[in-house]
Every structure is written in structure tokens, then in C-alpha cells.
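Okay, structure first, notes after.
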């Protein structure tokens, strides 16, 4: 349903809408090629994010010191970057994974929605995402 809405919104752009839809989805309708492209992009996005993090770490840790937080002109009082910020980053990542593990392994349904267990009816739009009546012309 979301892909259909995106397709309809993109196709409403004058002159270039159809070209944008075909570029994004591979066609106007949501079919197997669309789903393959969607899954491929969502598979690649975490790796892109990890690459950006590594580029950030290389750029930040490659310098001699911090960004001079005290505003001192000389290098004598500058803080070394690696011992403080790397440890802080590692502690933060460790705490994040502990909290994530608690939710995943001990409370898997804590952040879920009870409607996830309702059998789906493909012929009916779920009530939670039915658009307001005044938006219907844009989705048609």
C-alpha cells in the first residue's frame, strides 16, 4: 500500500513523474521487480551507513588532537582524540547492544503492535492506514 501511494505521488509530478516512477520502481506497478529493488536497497543501506561511520572515524581519528574545544592556539593544551572519544564511543556502543539484546531476547513483543497477530485481508486496507476522505483524490 505504501509503495502504491509513493508511486501515485511521484507519477503526479508534471512532465517527469512517469520517468521518476520507472526509475525508482522499475515500472508503474508494484510487482516482483519492484520488490527485488526494494529488498536490495534495504539490504545495502546498513552497509552504506557502516561505510559512512568508518569514513567518519578515519577522518576524526586521523588528526593529532581534538577540535580544540578550549580555543587555545597552541598544541600543548589540546586533548588527544583517541584515548577519550574512542573509549566513550565503545562504551556507548556496548550499552546500546546490551539494551538491544535485552529487548530482542527477553522482551521481543514489548515494542510490537498487537495488530501484528491479526490475520491480513489483502482485499481490505487496514483501518490504521485508511486515508482521510479529503486525501482520496491524491491516492486515486
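A Cβ is built for glycine as well, from the same backbone N, Cα and C atoms used for every other residue.
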*Which of these ranges is annotated transmembrane segment in Swiss-Prot: 64-84, 85-105?*
85-105
*asked:* Tell me which of 17-37, 38-58 corresponds to the transmembrane segment entry in Swiss-Prot.
replied: 38-58
*Round to the nearest Å and give the CA-to-CA distance linking residue 42 (heme b b562 binding site) with residue 56 (heme b b566 binding site).*
22
*Reduced to three states, what secondary structure does DSSP give residue 56 (heme b b566 binding site)?*
helix
